[in-house]
């Protein structure tokens, strides 16, 4: 299954290989009546475990794992499809977790604590809840466009944490979306999801295999009357970023952590910008540079003169 494929119903997805099943045993307006119980590393567990580390299997399954109060809450609030909620069997749950289990129409999975701990993906104890969330389609038309569109492109990133940080910054500074180009790192990797602190669910994030899809999308927008400029960031850019007008529709490019922007992207740029730095540092981390550039775009938009009348 790809991200563009329709998801199967959650009960159908997991019932065939479940352990014992039964009706929901919690009060409240439960709409997903099925509860699975997983006490061993069965087929369902193996499927979920693969979602932690294998991008291809995430793509085929059309889902990924999320944990943490803020990320799961935002996923629910933003209407993302929740396929299953995994929680430790026999452990006390917070009111937040109880409410989600009662109200979210997802398969509920009671798991042996030692089994669920393996899905936590980090070393700070047993997760209270792990959500199995459906992937959105990778379509550029999910990103809203208009006269003030600001979209960030991360070219061939290799560190999932940098993707998550850049998504968080894009959310904080009002970007309309984030485009991740290439196949090295995935925004749905648990490290990226965690670094985004929930912003992944608030800002459209689209993956593309190459720059061509993005350039064609920009050309279409230009033909439709939206004069999108493509600007890159580089330590040897021709203009300081504060001196360039970023108030119009803008595609802001952030390069690979080691090699910067590809030659193809450099050719597509209308202007290369630099962020002035001092001290002994030779450059900024990619996510840090992206955050600075996003702040500058937001600053210009906030302080520009109001139109007459």
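Glycine too: its Cβ is placed from the backbone N, Cα and C atoms.
Just so you know, TrEMBL annotations are computer predictions that nobody has curated.
So that you can see what the record holds, here are the features copied from TrEMBL:
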- 42-131: domain 'SpoU L30e-like N-terminal' (DOMAIN)
- 150-295: domain 'tRNA/rRNA methyltransferase SpoU type' (DOMAIN)
- 1-31: region 'Disordered' (REGION)
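The DSSP breakdown of the domain 'SpoU L30e-like N-terminal' (42-131) into helical (H, G, I), extended (E, B) and coil residues amounts to 41 helix, 19 strand, 30 coil.
Confidence for the domain 'tRNA/rRNA methyltransferase SpoU type' (150-295), expressed as mean pLDDT, is 95. For the domain 'tRNA/rRNA methyltransferase SpoU type' (150-295), the DSSP counts in helix, strand and coil order read 55 helix, 33 strand, 58 coil.
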